[in-house]
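Shown next, in structure tokens, is the structure this report addresses.
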Amino acid sequence: AGAADGNGCFTVRIYPGALAEGTIYCPVSARKNTTAAEAIERIIERLRLDRRQCYVLAEVKEFGGEEWILNPSDCPVQRMLLWPRVALEQRALSGGDDYRFLLRQKNLDGSIHYGGSLQMWLRVTEERRCMVERGLLPQPEPRGDHADLCRLPELNERTLLDNLRSRFRQEWIYTYVGTILIVINPFKFLPIYNPKHVKMYDNHTLGEMEPHIYAVADVAYHAMLQRRRNQCVVISGESGSGKTQSTNFLIHHLTALSQKGFASGVEQIILGAGPVLEAFGNAKTAHNNNSSRFGKFIQVNYQESGTVRGAYVEKYLLEKSRLVYQEHNERNYHVFYYLLAGVSEEERTAFHLRKPEEYHYLNQDCFTVEGEDLKHDFERLQLAMEMVGFLPATRKQIFSLLSAILHLGNIRYKRKAYRDEAIDICNPEVLPIVSELLEVKEGTLLEALTTRKTVTVGERLIVPYKLAEAGTVRDSMAKSLYSALFDWIVFRINHALLNNKDLEDNNKILSIGVLDIFGFEDYENNSFEQFCINFANERLQHYFNQHIFKLEQEEYRAEGITWHNIDYIDNSGCINLISKKPTALLHLLDEECNFPQASNQTLLDKFKRQHEGNSYMEFPAVMEPAFIIRHYAGKVKYGIKDFREKNTDHMRPDIVALLKSSKNAFIGGLIGIDPSATFRWAVLRAYFRALVAFREAGKRHQRKKSGARRSPRTPLSDLQEPLIVFSGTCTLPVLLLAMLLRRPCPLLQHLLDVKSLKYLSKLTLHDRITKSLLHLHKKKKPPSISAQFQASLNKLMETLGHSEPYFVKCIRSNAEKLPLRFNDELVLRQLRYTGMLETVRIRQSGYNIKYSFKDFVRHFRVLLPEGTRASKEDIQRFLGQVDLAPDGFQVGRTMVFLREAGRRSLQASLHGRVLSLVVALQRRFRARLERASFLRTREASVCIQVPSWRLWTYRRVDAALVIQTAWRCHRAREGYLSLYATVVRLQAVSRGYLARQSPTKSQKTLSVKHDSCLQSFKNRECNGQGLVLAPCDSLYCPLQVEEHNGHVFKSTQYSIPTYCEYCSSLIWMMDRACVCKCECTNAGSNGIVFMLCFCEQFDPELSPRQFGVEVSRLTNDERTVPLVVEKLINYIEMHGLYTEGIYRKSGSTNKIRELKQGLDIGKHMNLDDYTIHVIASVLKQWLRDLPNPLMTFELYDEFLRIMCLQDKREVIRGVYSIIDQLSRTHLNTLERLIFHLVRIALQEDTNRMSANALAIVFAPCILRCPDTIDPLKSVQDIGKTTACVELVIVEQMNKYRARLKDINSLEFAENKAKCRLTLIRRSLVRFKPQSCTCCCYNGHRLFSGGEEGAGSEPELLEHQQAIMQQEERVLTEQIESLQKEK
């Protein structure tokens, strides 16, 4: 996907896959409001797809390659802008596949067609699994690890850790503990979330397939439909363990199960709500750069048919203290950094924004995170808020409130000089900014931040804050504002997800909830936040124990089997220690917060007095302000520091009154405790403001009408004013305009009303407890943080209590976030926290394999005796006969309970029995096959032995003897002729040599053996190998003496013997050579042997070679193109024009070498003996072997320079001007080659060779860089050379098509002229017999109607005949000219 251009258009890459073979992706230009249906229409036109089929767009996401189908009204660009910045950069640079759009074909039933391979794979996988269950295939060999930890033969921490480590290294990150799923975060993309896995886990029970998060979602969905009960999935784990990713997998898979792959409107809003909640609720921590600092519960509501009808998001335990204080290497919430980096200069001035370093709430530690793009993240946040339904005006109000919170944190206090108790503000210049952003009076704000009002009996006191109290009040105000804003955002998201059918009480709602909440935490310094989080996990663990073991025991009791109580650690005592009144720790903390003189040390002393002997609580031996609690996962030490301060909320009623007095209706809506009442007041205010606005508009209209000059009519859009925002959804003028124009308004889809507000207020009442402190009675103190926390936790446990839960435990594999790195200590610590060892031990003590009577009989029917029924008596009788441990099975009223060892024993027996039956069946079948084969062989033998067959055999032997005789005679004759020719040639050579040696016998010569001379003649080579001769004075004469490196060389002329290429006769050639005289001793002679080493130079004019020579040598006046090129091109055009990949694919190397050598020496080669790819490769080899390419080395730089121009016309003109500079031989050959490539490219639909593909292949052949150029630069110039060759091919293609059109026009004109000429000639033939009729009789001419007839002929007839003859001559000339032009 590309960035937007000046017109706001984006380039979206859509991958058609198998729907358009040969096309990797199709770029489509689209705007933000371009729908998926419009994009699909453009793709169909461009790729010429079948319009009878139905197509959809699918979005592939980073977290596993899932495909989510877009509705026709969805906007792909808006979905694309929600992708992370890294994904967009990778797509623009390297075409990364993490995020992309796919084109899919939809079946008639609404499902997506993925082709036959996926269905075949799923069918084979399912059949194999069924065959293993039925015993037809053996049980899979134990791999050393188990998919279910309950099947471990030996249970301890070491075996548990080894099993998880072994699976993790094989990239199996999921493991079962019964119905519990353990997920180890791999910090790497794994391709296990594609449509293949979605279909593979469809409608399977838990444990049948390999563990997966899809299996949990599928089981929960079908259990909801079958049992008609709500389901929930509890996901827990440390920060960075992958809880959010697992939540996304579950939500998308649950939506896909009900929509058959289509993304509903609910899924789109959840998609947009994700970045919004992430920006306002996530922050950087020491362990995670994007840590979620709140828990959320996403509930997807279904109809009884299983389709999605709505959703609901509920938040828990927002970490408000992070707003005002951050630990080392941590940051505040993301939204502040997005806002400061992404707003425009105009908005920066309006919101009084500064740099992050200038805010107290942001400059406490770090400011940046590696790899983040704050501007892109801010744009992504803006788009996500728009998808949820926030208008630009509402977004500005939210950003203005965020700026006010930041400036509020910059207020600093000091003591007044003349009073000890009174305080004042050090930087009063901040007050006007805060009052402007909150739209409150500056004096009222100053008074609320420095003093408090106390009402006593009969009087009202104004008491100044102490210095420490003032800072706490300021921070409390900021935290309350941010918390109220976060609640309001969640409220608006829930309203967008609300279905109107949910408001009706008579409709039954089925739901599946997904809980993403903090895991157990134990750091070096644990404080109040860890105390609350661990208490929540303690409650969840208690719920987990009660649910798991309670269901187990209820099932055993219902089946009436003998069982023992399952022992497990009951953490009720720890829960009572923390929350049970009157001595609970949280209750004691609230009491200490009510005493003005109390401190953290007094709180710790009270803990010691009340719980010093409690087994769940300890105190350090040294005097340390801390206490230790023994949780279910281990002991945790908490520091008592800041417990009281973090538990109190000093939001005074006068500050509440200050915020309620704000002129900003948005802030008033945040402070109001009843949304329906706030909505009524907003409607009433909007009505009166609209009434005043219309009256003022009417008065202006009357004044304009009564004027002398009538002005043009004012459009209704000019009368719009920003009156009031309906809770961030729609302004009143927009609604009125839509009503007047009677057009549908796009903003009316999520309009608020009183009924929906009341419904949502009941659902979110526990989240609005913080609002109760804004409407206090005078004598009642606000609830503490711990009280609010317990209320939220009780509501959560109540929700879980009405559902059937599934548990997912997320584990962080390493602290450094390295891919596929397994840290034993870190994983073991998390396993201890989650209590997995105890959970596995409890699961193993029960019966984890269960069959109904009917399923047991169907599964093991091969082992059961004949006539066994699905009854308790028959099954118990069978199990008593097999070799099973007594405690390995039990038979209940309707089910059979087995342990893992018993199930494996039965499966092994089943496989052995089935295998023996299969062997017996194969034995009988093979016996029948052998019997049938024997009978056929015997019958054939009898048939062969008849007399006619024997006679035919004798005749065949005689014929073979005749053929052998002829063949041997032929071979002997050929051998004799070859030997005779060799002897004759040897005699001729010897006689010639002796004849030349006889005149020089009198001169002093050197002895050279006759055989070595002949051998040297035979081994001669014309390309420059050394030759040893015995020279004499008559054979050479020295011309010049040269000395080099101590050797004396003489330039000498030699007569070199060689053979004629046509008649094989010995001939002598004169050449020059340099002679080096070397004195050496020859044992066989008394003279000096001169070694004559010479190199005969290559004469290209006399060589028959066709490869590696200049083009000018292969051409002449009659033949402008080399013969070998013309032959190869003509053959390719006749036989390979429609071959797919004609120049892309290569032929056999041996065949290419054979054909090249034959053509190089001028041998006649039959091209029909070679494949078309071999011939094409030889043509490319000829071009590559040219010493100077067709587009020569001298013009190489000129071509590159021209390709750097911007204007395309200038580039074309420049390229052709350079081509005109080529020599005539190069130009003719290049024209023939380009015309051939044009013919190839015109058949692209068949041979798949486009102009670009041909340019890629032939650019290195005809436009090579010189060898003197740097190789790195030549690699960089490949794109330019390819573009140059492609430009020439494309231009010639255009000219070719234009010429074809001209030829068609000329042929049409020629045919028309010929038709006219034919008519004229027929008319002339009819006129001639009438004008003159003659005959011959006895040698005399007799005229019939001669002179008399001539006198009576009309003059008009002669005139018409002359005109027709003239027209005949004109048409004949036109036809000739048309033929020449054509």
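Any Cβ shown, glycine's included, is placed from N, Cα and C.
Just so it is clear, the model here is predicted, and its values are computed rather than measured.
TrEMBL lists G237, E238, S239, G240, S241, G242, K243, T244 with the feature ATP binding site. Within 10 Å of the C-beta atom of G242 (ATP binding site) sit 25 other C-beta atoms, taking all shown protein chains into account.
As annotated by TrEMBL, domain 'Ras-associating' applies to 8-108.
If you look up TrEMBL, you'll see 144-911 marked as domain 'Myosin motor'.
What TrEMBL lists as domain 'Rho-GAP' is 1109-1296.
Mapped onto DSSP classes, the region 'Actin-binding' (793-815) shows 9 helix, 9 strand, 5 coil. The annotation region 'Actin-binding' is assigned in TrEMBL to 793-815.
Between the binding-site residues G237, G240, G237 has the most other Cβ atoms inside 10 Å of its own Cβ, all protein chains included.
Fewest other C-beta atoms within 10 angstroms, among the binding-site residues E238, S239, S241, K243, T244, are seen around S239. Close to the recorded ATP site, the chain also has N185, N288, G519, C810, R812: residues not among G237, E238, S239, G240, S241, G242, K243, T244 whose Cβ is within 8 Å of the site's Cβ mean position.
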